[in-house]
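Below you'll find the structure, written out as C-alpha coordinates, and then a few comments.
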(Lines of atoms letter the chains of each structure in order from A and count residues from 1; the text may use other names and numbers.)
(Lines give C-alpha, C1' and ligand atoms only; values in the text may rest on other atoms or scores of the structure.)
Protein backbone atom coordinates (compact mmCIF):
# COMPACT_ATOMS: atom_id res chain seq x y z
CA UNK A 1 0.00 0.00 0.00
CA UNK A 2 1.86 3.05 -1.18
CA UNK A 3 1.92 6.06 1.11
CA UNK A 4 2.30 9.74 0.37
CA UNK A 5 5.40 11.39 -1.05
CA UNK A 6 8.63 10.72 0.80
CA UNK A 7 8.94 12.98 3.80
CA UNK A 8 5.57 14.67 3.16
CA UNK A 9 4.89 16.24 6.57
CA UNK A 10 1.30 17.06 5.57
CA UNK A 11 0.33 13.40 5.36
CA UNK A 12 1.43 12.17 8.78
CA UNK A 13 -2.13 12.30 10.07
CA UNK A 14 -5.66 11.90 8.74
CA UNK A 15 -8.14 14.80 8.68
CA UNK A 16 -10.16 15.24 11.88
CA UNK A 17 -13.69 13.78 11.78
CA UNK A 18 -16.54 14.35 14.23
CA UNK A 19 -16.45 10.72 15.39
CA UNK A 20 -12.70 10.85 16.01
CA UNK A 21 -13.06 14.12 17.90
CA UNK A 22 -15.89 12.86 20.13
CA UNK A 23 -14.00 9.67 21.01
CA UNK A 24 -11.08 11.73 22.24
CA UNK A 25 -13.29 14.21 24.08
CA UNK A 26 -14.91 11.48 26.15
CA UNK A 27 -11.55 10.50 27.63
CA UNK A 28 -11.28 14.00 29.13
CA UNK A 29 -14.11 13.05 31.47
CA UNK A 30 -11.42 11.67 33.78
CA UNK A 31 -10.80 15.22 34.97
CA UNK A 32 -14.06 14.99 36.92
CA UNK A 33 -12.24 12.71 39.39
CA UNK A 34 -9.49 15.19 40.07
CA UNK A 35 -11.79 18.20 40.28
CA UNK A 36 -14.61 16.78 42.35
CA UNK A 37 -12.29 15.08 44.81
CA UNK A 38 -10.25 18.27 45.19
CA UNK A 39 -13.37 20.38 45.60
CA UNK A 40 -15.68 18.50 47.92
CA UNK A 41 -13.22 18.27 50.80
CA UNK A 42 -13.00 22.07 51.20
CA UNK A 43 -16.71 22.34 51.98
CA UNK A 44 -16.99 19.09 53.92
CA UNK A 45 -14.29 20.21 56.36
CA UNK A 46 -16.47 23.23 57.20
CA UNK A 47 -19.61 21.15 57.96
CA UNK A 48 -20.53 20.82 61.61
CA UNK A 49 -21.52 17.14 61.37
CA UNK A 50 -18.17 16.23 59.80
CA UNK A 51 -16.24 18.30 62.36
CA UNK A 52 -18.02 16.57 65.24
CA UNK A 53 -17.43 13.14 63.68
CA UNK A 54 -13.69 13.85 63.57
CA UNK A 55 -13.16 15.98 66.69
CA UNK A 56 -16.02 14.87 68.92
CA UNK A 57 -19.38 16.37 70.03
CA UNK A 58 -19.41 20.13 70.47
CA UNK A 59 -16.33 20.79 68.31
CA UNK A 60 -16.63 23.73 65.95
CA UNK A 61 -13.42 23.51 63.90
CA UNK A 62 -10.94 20.90 62.79
CA UNK A 63 -7.47 21.05 64.27
CA UNK A 64 -4.72 22.13 61.89
CA UNK A 65 -3.13 18.68 62.05
CA UNK A 66 -6.37 16.85 61.17
CA UNK A 67 -7.20 19.34 58.41
CA UNK A 68 -3.72 18.86 56.98
CA UNK A 69 -3.90 15.06 57.22
CA UNK A 70 -7.36 14.71 55.66
CA UNK A 71 -6.50 17.00 52.76
CA UNK A 72 -3.01 15.74 52.01
CA UNK A 73 -3.47 11.97 52.38
CA UNK A 74 -5.33 11.74 49.06
CA UNK A 75 -2.40 13.43 47.30
CA UNK A 76 0.02 11.01 48.98
CA UNK A 77 -1.95 8.05 47.65
CA UNK A 78 -2.19 9.65 44.24
CA UNK A 79 1.58 10.20 44.10
CA UNK A 80 2.26 6.48 44.44
CA UNK A 81 -0.68 5.53 42.23
CA UNK A 82 0.64 7.71 39.42
CA UNK A 83 4.12 6.16 39.61
CA UNK A 84 2.78 2.60 39.53
CA UNK A 85 0.37 3.43 36.72
CA UNK A 86 3.22 4.18 34.32
CA UNK A 87 4.44 0.58 34.48
CA UNK A 88 0.97 -0.91 34.31
CA UNK A 89 0.10 1.23 31.27
CA UNK A 90 3.15 -0.18 29.45
CA UNK A 91 2.29 -3.75 30.45
CA UNK A 92 -1.46 -4.03 29.84
CA UNK A 93 -2.41 -0.84 28.01
CA UNK A 94 -3.50 2.71 28.69
CA UNK A 95 -7.25 2.09 28.56
CA UNK A 96 -7.32 -0.91 30.92
CA UNK A 97 -5.10 0.91 33.42
CA UNK A 98 -7.63 3.74 33.66
CA UNK A 99 -10.47 1.25 34.14
CA UNK A 100 -8.55 -0.42 36.99
CA UNK A 101 -8.03 3.02 38.51
CA UNK A 102 -11.80 3.60 38.45
CA UNK A 103 -12.37 0.33 40.33
CA UNK A 104 -9.78 1.18 43.01
CA UNK A 105 -11.29 4.64 43.37
CA UNK A 106 -14.76 3.21 44.01
CA UNK A 107 -13.37 1.06 46.84
CA UNK A 108 -11.85 4.17 48.44
CA UNK A 109 -15.11 6.09 48.17
CA UNK A 110 -17.07 3.26 49.81
CA UNK A 111 -14.66 3.33 52.75
CA UNK A 112 -15.17 7.08 53.16
CA UNK A 113 -18.95 6.84 52.98
CA UNK A 114 -18.92 4.14 55.65
CA UNK A 115 -16.54 6.09 57.92
CA UNK A 116 -17.55 7.17 61.40
CA UNK A 117 -14.07 8.21 62.57
CA UNK A 118 -10.89 9.85 61.36
CA UNK A 119 -9.08 6.56 60.69
CA UNK A 120 -11.53 5.27 58.09
CA UNK A 121 -11.77 8.66 56.38
CA UNK A 122 -7.99 8.74 56.04
CA UNK A 123 -7.84 5.13 54.83
CA UNK A 124 -10.58 5.74 52.28
CA UNK A 125 -8.93 8.88 50.91
CA UNK A 126 -5.61 7.04 50.68
CA UNK A 127 -7.16 4.19 48.64
CA UNK A 128 -9.14 6.63 46.50
CA UNK A 129 -5.89 8.49 45.92
CA UNK A 130 -4.35 5.40 44.35
CA UNK A 131 -7.26 5.26 41.92
CA UNK A 132 -7.04 8.96 41.13
CA UNK A 133 -3.30 8.48 40.52
CA UNK A 134 -4.00 5.79 37.93
CA UNK A 135 -6.60 7.93 36.19
CA UNK A 136 -4.85 11.31 36.33
CA UNK A 137 -1.54 9.98 34.99
CA UNK A 138 -2.77 7.68 32.26
CA UNK A 139 -5.78 9.59 30.96
CA UNK A 140 -3.41 12.40 29.91
CA UNK A 141 -1.14 9.84 28.25
CA UNK A 142 -4.11 8.19 26.52
CA UNK A 143 -5.60 11.46 25.26
CA UNK A 144 -2.25 12.75 23.98
CA UNK A 145 -1.61 9.53 22.08
CA UNK A 146 -5.01 9.24 20.42
CA UNK A 147 -5.85 12.91 19.77
CA UNK A 148 -5.32 14.44 16.29
CA UNK A 149 -2.50 16.99 16.37
CA UNK A 150 -4.70 19.90 15.21
CA UNK A 151 -6.99 19.62 18.23
CA UNK A 152 -4.73 17.86 20.74
CA UNK A 153 -4.22 20.99 22.81
CA UNK A 154 -7.95 21.68 22.90
CA UNK A 155 -8.81 18.09 23.81
CA UNK A 156 -6.26 17.85 26.61
CA UNK A 157 -7.50 21.26 27.78
CA UNK A 158 -10.85 19.53 28.03
CA UNK A 159 -9.33 17.47 30.82
CA UNK A 160 -8.70 20.67 32.76
CA UNK A 161 -12.24 21.81 31.94
CA UNK A 162 -13.59 18.59 33.44
CA UNK A 163 -11.47 19.26 36.53
CA UNK A 164 -13.20 22.64 36.77
CA UNK A 165 -16.62 21.08 36.26
CA UNK A 166 -15.80 18.61 39.04
CA UNK A 167 -14.85 21.46 41.34
CA UNK A 168 -18.08 23.28 40.54
CA UNK A 169 -20.21 20.18 41.04
CA UNK A 170 -18.53 19.61 44.41
CA UNK A 171 -19.22 23.20 45.47
CA UNK A 172 -22.85 22.95 44.38
CA UNK A 173 -23.37 19.66 46.23
CA UNK A 174 -21.66 21.05 49.35
CA UNK A 175 -23.81 24.16 49.16
CA UNK A 176 -26.92 22.01 48.87
CA UNK A 177 -26.12 19.73 51.83
CA UNK A 178 -24.39 22.15 54.23
CA UNK A 179 -27.57 22.80 56.25
CA UNK A 180 -28.25 19.13 56.94
CA UNK A 181 -27.72 18.26 60.59
CA UNK A 182 -27.03 14.54 60.18
CA UNK A 183 -24.17 12.66 58.56
CA UNK A 184 -25.83 12.84 55.13
CA UNK A 185 -24.39 16.38 54.93
CA UNK A 186 -20.97 14.93 54.11
CA UNK A 187 -21.85 11.37 53.02
CA UNK A 188 -23.80 12.61 49.98
CA UNK A 189 -20.91 14.71 48.57
CA UNK A 190 -18.48 11.84 49.18
CA UNK A 191 -20.69 9.07 47.76
CA UNK A 192 -21.59 10.92 44.58
CA UNK A 193 -18.04 10.33 43.33
CA UNK A 194 -18.89 6.73 42.51
CA UNK A 195 -21.02 7.96 39.61
CA UNK A 196 -18.03 9.61 37.87
CA UNK A 197 -16.00 6.40 38.14
CA UNK A 198 -18.81 4.30 36.67
CA UNK A 199 -19.30 6.65 33.71
CA UNK A 200 -15.60 6.84 32.82
CA UNK A 201 -14.78 3.19 33.43
CA UNK A 202 -17.87 1.97 31.58
CA UNK A 203 -17.34 4.27 28.62
CA UNK A 204 -13.70 3.28 28.15
CA UNK A 205 -14.77 -0.32 27.49
CA UNK A 206 -16.07 0.91 24.12
CA UNK A 207 -13.05 3.02 23.10
CA UNK A 208 -10.01 1.61 21.25
CA UNK A 209 -6.60 1.22 22.84
CA UNK A 210 -3.85 3.69 21.98
CA UNK A 211 -2.22 2.66 18.67
CA UNK A 212 1.13 3.90 20.01
CA UNK A 213 0.86 1.36 22.83
CA UNK A 214 0.39 -1.42 20.26
CA UNK A 215 3.40 -0.15 18.28
CA UNK A 216 5.48 -0.21 21.44
CA UNK A 217 4.42 -3.83 22.01
CA UNK A 218 5.07 -4.73 18.35
CA UNK A 219 1.39 -5.54 17.67
CA UNK A 220 1.21 -3.68 14.39
CA UNK A 221 -2.04 -5.12 13.05
CA UNK A 222 -3.77 -4.11 16.29
CA UNK A 223 -2.16 -0.67 16.02
CA UNK A 224 -3.52 -0.23 12.50
CA UNK A 225 -7.04 -1.28 13.55
CA UNK A 226 -7.02 1.08 16.56
CA UNK A 227 -5.70 3.95 14.45
CA UNK A 228 -8.34 3.38 11.76
CA UNK A 229 -11.06 3.47 14.42
CA UNK A 230 -9.69 6.62 16.05
CA UNK A 231 -9.30 8.48 12.74
CA UNK A 232 -12.59 7.14 11.33
CA UNK A 233 -10.79 5.94 8.20
CA UNK A 234 -10.74 2.55 6.43
CA UNK A 235 -7.84 0.30 7.34
CA UNK A 236 -6.51 0.52 3.77
CA UNK A 237 -6.41 4.34 3.82
CA UNK A 238 -3.07 5.84 2.86
CA UNK A 239 -3.52 8.24 5.78
CA UNK A 240 -3.56 5.31 8.21
CA UNK A 241 -0.54 3.72 6.52
CA UNK A 242 1.43 6.98 6.57
CA UNK A 243 0.66 7.86 10.19
CA UNK A 244 1.39 4.33 11.37
CA UNK A 245 4.69 4.27 9.49
CA UNK A 246 5.70 7.55 11.16
CA UNK A 247 4.87 6.19 14.63
CA UNK A 248 6.80 2.98 13.96
CA UNK A 249 9.81 4.83 12.54
CA UNK A 250 9.96 7.22 15.49
CA UNK A 251 9.75 4.34 17.96
CA UNK A 252 12.51 2.41 16.19
CA UNK A 253 14.70 5.54 16.08
CA UNK A 254 14.29 6.13 19.83
CA UNK A 255 14.79 2.46 20.67
CA UNK A 256 18.01 2.44 18.68
CA UNK A 257 19.22 5.61 20.36
CA UNK A 258 18.34 4.51 23.91
CA UNK A 259 17.87 0.70 24.18
CA UNK A 260 15.40 -0.26 26.89
CA UNK A 261 16.98 -3.40 28.38
CA UNK A 262 15.74 -4.56 31.79
CA UNK A 263 12.89 -3.12 33.86
CA UNK A 264 15.26 -1.08 36.03
CA UNK A 265 17.19 0.10 32.99
CA UNK A 266 13.96 1.35 31.43
CA UNK A 267 13.42 3.60 34.47
CA UNK A 268 17.10 4.57 34.45
CA UNK A 269 16.70 5.73 30.83
CA UNK A 270 14.37 8.47 32.01
CA UNK A 271 17.40 10.14 33.61
CA UNK A 272 19.93 9.61 30.81
CA UNK A 273 21.48 12.41 28.80
CA UNK A 274 22.89 15.87 29.26
CA UNK A 275 21.22 18.78 31.01
CA UNK A 276 22.43 21.06 28.20
CA UNK A 277 20.62 19.02 25.53
CA UNK A 278 16.90 20.01 25.31
CA UNK A 279 16.09 16.68 23.62
CA UNK A 280 17.78 14.41 26.20
CA UNK A 281 15.62 12.08 28.26
CA UNK A 282 16.91 13.68 31.47
CA UNK A 283 15.99 17.17 30.27
CA UNK A 284 12.49 16.03 29.28
CA UNK A 285 11.94 14.32 32.62
CA UNK A 286 13.04 17.45 34.48
CA UNK A 287 10.82 19.61 32.25
CA UNK A 288 7.76 17.40 32.84
CA UNK A 289 8.18 17.07 36.60
CA UNK A 290 9.08 20.72 37.11
CA UNK A 291 6.17 21.82 34.92
CA UNK A 292 3.74 20.08 37.26
CA UNK A 293 5.57 21.43 40.30
CA UNK A 294 5.21 24.95 38.93
CA UNK A 295 1.50 24.42 38.30
CA UNK A 296 1.06 23.65 41.98
CA UNK A 297 3.25 26.62 42.94
CA UNK A 298 0.66 28.94 41.38
CA UNK A 299 -1.30 28.42 44.61
CA UNK A 300 -4.64 27.72 42.97
CA UNK A 301 -5.31 24.67 45.13
CA UNK A 302 -5.10 26.89 48.19
CA UNK A 303 -8.33 28.48 46.96
CA UNK A 304 -9.99 25.17 46.08
CA UNK A 305 -8.78 23.12 49.09
CA UNK A 306 -8.98 25.77 51.79
CA UNK A 307 -11.09 28.50 50.21
CA UNK A 308 -14.17 27.92 52.37
CA UNK A 309 -12.26 27.92 55.66
CA UNK A 310 -10.07 30.85 54.49
CA UNK A 311 -13.13 32.97 53.68
CA UNK A 312 -14.56 32.04 57.09
CA UNK A 313 -11.42 33.37 58.78
CA UNK A 314 -11.74 36.74 57.05
CA UNK A 315 -14.81 37.33 59.23
CA UNK A 316 -16.46 39.75 56.82
CA UNK A 317 -18.14 37.27 54.46
CA UNK A 318 -21.66 36.12 55.30
CA UNK A 319 -21.66 32.91 53.23
CA UNK A 320 -18.18 31.45 52.55
CA UNK A 321 -19.77 28.43 50.81
CA UNK A 322 -21.33 30.75 48.23
CA UNK A 323 -18.03 32.56 47.60
CA UNK A 324 -16.28 29.22 47.10
CA UNK A 325 -18.96 28.24 44.60
CA UNK A 326 -18.45 31.53 42.75
CA UNK A 327 -14.69 30.96 42.45
CA UNK A 328 -15.24 27.49 41.01
CA UNK A 329 -17.85 28.89 38.61
CA UNK A 330 -15.27 31.38 37.33
CA UNK A 331 -12.90 28.46 36.85
CA UNK A 332 -15.47 26.55 34.79
CA UNK A 333 -16.60 29.51 32.66
CA UNK A 334 -13.10 30.65 31.69
CA UNK A 335 -11.41 27.30 31.02
CA UNK A 336 -13.14 26.75 27.63
CA UNK A 337 -11.32 29.84 26.35
CA UNK A 338 -8.18 27.68 26.36
CA UNK A 339 -9.76 25.31 23.79
CA UNK A 340 -9.22 28.08 21.23
CA UNK A 341 -6.16 29.88 22.60
CA UNK A 342 -4.14 26.69 23.15
CA UNK A 343 -4.10 26.07 19.40
CA UNK A 344 -4.11 29.69 18.22
CA UNK A 345 -1.75 31.38 20.69
CA UNK A 346 0.30 28.34 21.64
CA UNK A 347 1.41 26.66 24.84
CA UNK A 348 4.55 28.69 25.52
CA UNK A 349 3.02 32.17 25.19
CA UNK A 350 0.03 31.26 27.34
CA UNK A 351 2.23 29.93 30.13
CA UNK A 352 4.45 33.03 30.10
CA UNK A 353 1.66 35.60 30.20
CA UNK A 354 -0.54 33.51 32.43
CA UNK A 355 2.16 33.46 35.09
CA UNK A 356 2.57 37.23 34.77
CA UNK A 357 -1.17 37.85 35.16
CA UNK A 358 -1.48 35.57 38.19
CA UNK A 359 1.54 37.23 39.82
CA UNK A 360 0.00 40.70 39.51
CA UNK A 361 -3.40 39.61 40.84
CA UNK A 362 -1.94 37.79 43.83
CA UNK A 363 0.22 40.72 44.91
CA UNK A 364 -2.82 42.99 44.67
CA UNK A 365 -4.84 40.58 46.87
CA UNK A 366 -1.99 40.40 49.38
CA UNK A 367 -1.58 44.18 49.54
CA UNK A 368 -5.31 44.86 49.94
CA UNK A 369 -5.68 42.15 52.58
CA UNK A 370 -2.70 43.52 54.54
CA UNK A 371 -3.60 47.21 54.38
CA UNK A 372 -7.41 46.91 54.82
CA UNK A 373 -8.09 43.52 56.45
CA UNK A 374 -11.37 44.58 58.12
CA UNK A 375 -12.82 46.73 55.35
CA UNK A 376 -15.83 45.04 53.72
CA UNK A 377 -15.31 46.82 50.40
CA UNK A 378 -11.63 45.89 50.42
CA UNK A 379 -12.56 42.24 50.96
CA UNK A 380 -14.90 42.45 47.96
CA UNK A 381 -12.01 43.76 45.90
CA UNK A 382 -9.85 40.87 47.14
CA UNK A 383 -12.48 38.38 46.03
CA UNK A 384 -12.70 40.08 42.62
CA UNK A 385 -8.94 39.81 42.06
CA UNK A 386 -8.95 36.21 43.31
CA UNK A 387 -11.54 35.49 40.60
CA UNK A 388 -9.39 37.24 37.96
CA UNK A 389 -6.38 35.24 39.16
CA UNK A 390 -8.38 32.01 38.82
CA UNK A 391 -9.40 33.07 35.29
CA UNK A 392 -5.73 33.51 34.37
CA UNK A 393 -4.95 30.06 35.77
CA UNK A 394 -7.91 28.39 34.08
CA UNK A 395 -6.93 29.69 30.63
CA UNK A 396 -3.18 29.14 30.87
CA UNK A 397 -1.37 27.04 33.48
CA UNK A 398 -4.38 24.89 34.33
CA UNK A 399 -4.65 23.17 30.95
CA UNK A 400 -1.22 24.17 29.63
CA UNK A 401 0.84 22.11 32.07
CA UNK A 402 -1.15 18.96 31.25
CA UNK A 403 -0.92 19.58 27.49
CA UNK A 404 2.86 19.99 27.55
CA UNK A 405 3.62 16.87 29.61
CA UNK A 406 1.51 14.82 27.21
CA UNK A 407 3.60 15.99 24.25
CA UNK A 408 7.28 16.16 25.23
CA UNK A 409 8.14 12.50 25.86
CA UNK A 410 9.21 9.98 23.17
CA UNK A 411 7.24 6.74 22.90
CA UNK A 412 9.75 4.40 24.65
CA UNK A 413 9.55 6.48 27.85
CA UNK A 414 6.21 8.27 27.40
CA UNK A 415 4.22 6.27 29.97
CA UNK A 416 6.95 6.58 32.59
CA UNK A 417 7.60 10.24 31.79
CA UNK A 418 3.94 11.22 32.10
CA UNK A 419 3.66 9.11 35.27
CA UNK A 420 6.68 10.86 36.84
CA UNK A 421 5.28 14.27 35.87
CA UNK A 422 1.84 13.51 37.28
CA UNK A 423 3.40 12.10 40.43
CA UNK A 424 5.29 15.40 40.78
CA UNK A 425 1.97 17.25 40.57
CA UNK A 426 0.53 15.17 43.37
CA UNK A 427 3.70 15.32 45.46
CA UNK A 428 3.61 19.12 45.46
CA UNK A 429 -0.15 19.03 45.86
CA UNK A 430 0.43 16.98 49.02
CA UNK A 431 3.19 19.27 50.30
CA UNK A 432 1.01 22.36 49.84
CA UNK A 433 -1.96 20.64 51.47
CA UNK A 434 0.20 19.72 54.48
CA UNK A 435 1.83 23.10 55.08
CA UNK A 436 -0.98 25.52 54.17
CA UNK A 437 -3.07 25.09 57.36
CA UNK A 438 0.04 25.83 59.40
CA UNK A 439 0.63 29.00 57.39
CA UNK A 440 -2.88 30.48 57.55
CA UNK A 441 -4.72 29.07 60.58
CA UNK A 442 -5.25 31.58 63.38
CA UNK A 443 -3.55 29.38 66.00
CA UNK A 444 -0.51 28.80 63.77
CA UNK A 445 1.11 31.14 61.25
CA UNK A 446 -2.01 33.26 60.88
CA UNK A 447 -0.76 34.79 57.63
CA UNK A 448 -4.28 35.41 56.37
CA UNK A 449 -4.20 37.36 53.09
CA UNK A 450 -0.41 37.72 53.39
CA UNK A 451 -0.14 34.14 52.09
CA UNK A 452 -0.77 35.60 48.63
CA UNK A 453 2.65 37.29 48.81
CA UNK A 454 4.06 33.76 48.79
CA UNK A 455 1.89 32.59 45.87
CA UNK A 456 2.64 35.78 43.94
CA UNK A 457 6.39 35.31 44.36
CA UNK A 458 6.12 31.72 43.18
CA UNK A 459 4.15 32.85 40.11
CA UNK A 460 7.02 35.21 39.33
CA UNK A 461 9.25 32.11 39.32
CA UNK A 462 6.75 30.45 36.95
CA UNK A 463 7.10 33.42 34.57
CA UNK A 464 10.89 33.09 34.40
CA UNK A 465 10.64 29.30 34.14
CA UNK A 466 8.21 29.39 31.20
CA UNK A 467 10.29 31.96 29.31
CA UNK A 468 13.57 30.06 29.66
CA UNK A 469 12.54 26.40 29.50
CA UNK A 470 9.15 25.72 27.91
CA UNK A 471 9.17 24.89 24.16
CA UNK A 472 6.30 25.56 21.75
CA UNK A 473 4.63 22.30 20.64
CA UNK A 474 1.52 23.73 18.94
CA UNK A 475 0.40 22.03 15.73
CA UNK A 476 2.98 19.22 15.79
CA UNK A 477 2.51 15.47 15.94
CA UNK A 478 4.14 13.76 18.91
CA UNK A 479 6.84 12.51 16.54
CA UNK A 480 7.45 16.03 15.18
CA UNK A 481 7.85 17.30 18.75
CA UNK A 482 10.79 14.91 19.05
CA UNK A 483 12.37 16.46 15.95
CA UNK A 484 11.73 20.00 17.18
CA UNK A 485 13.40 19.38 20.55
CA UNK A 486 16.52 18.17 18.74
CA UNK A 487 16.70 21.08 16.30
CA UNK A 488 15.42 24.09 18.30
CA UNK A 489 15.76 25.74 21.71
CA UNK A 490 12.73 26.72 23.82
CA UNK A 491 13.06 30.37 22.73
CA UNK A 492 13.30 29.51 19.01
CA UNK A 493 10.81 26.61 19.05
CA UNK A 494 7.80 28.71 17.99
CA UNK A 495 9.46 29.38 14.61
CA UNK A 496 10.40 25.74 13.94
CA UNK A 497 8.53 23.94 11.15
CA UNK A 498 8.76 20.22 10.28
CA UNK A 499 10.74 19.54 7.11
CA UNK A 500 10.88 15.74 6.93
CA UNK A 501 9.49 12.65 8.63
CA UNK A 502 11.04 9.82 10.59
CA UNK A 503 9.54 7.41 8.05
CA UNK A 504 11.41 9.12 5.21
CA UNK A 505 14.69 9.21 7.12
CA UNK A 506 14.46 5.51 7.96
CA UNK A 507 13.33 4.39 4.50
CA UNK A 508 9.79 3.45 5.48
CA UNK A 509 7.81 5.66 3.08
CA UNK A 510 7.15 2.80 0.63
CA UNK A 511 5.15 0.51 2.84
CA UNK A 512 3.56 -2.86 2.44
CA UNK A 513 0.23 -3.60 4.05
CA UNK A 514 0.27 -3.37 7.81
CA UNK A 515 0.04 -7.09 8.31
CA UNK A 516 3.38 -7.51 6.52
CA UNK A 517 5.29 -4.86 8.43
CA UNK A 518 8.29 -6.04 10.40
CA UNK A 519 8.18 -7.10 14.03
CA UNK A 520 4.65 -8.55 14.24
CA UNK A 521 5.63 -10.83 17.10
CA UNK A 522 4.97 -8.35 19.90
CA UNK A 523 8.58 -8.26 21.08
CA UNK A 524 8.73 -4.92 22.87
CA UNK A 525 12.49 -4.73 22.76
CA UNK A 526 12.73 -5.30 19.01
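The backbone N, Cα and C atoms fix where each Cβ goes, glycine too.
A TrEMBL annotation is a machine prediction, not a hand-curated record.
Keep in mind that what you see is a predicted model, and the values were worked out from it rather than measured.
In TrEMBL, the feature transmembrane segment is placed on 452-470, out of the ranges 452-470, 471-489, 490-508. Feature transmembrane segment, per TrEMBL, maps to range 154-176 of the set 39-61, 154-176. When Cβ distances are compared across the two stretches, the transmembrane segment (121-142) makes contact with the transmembrane segment (417-440), since 3 or more pairs at least 6 residues apart fall below 8 angstroms.
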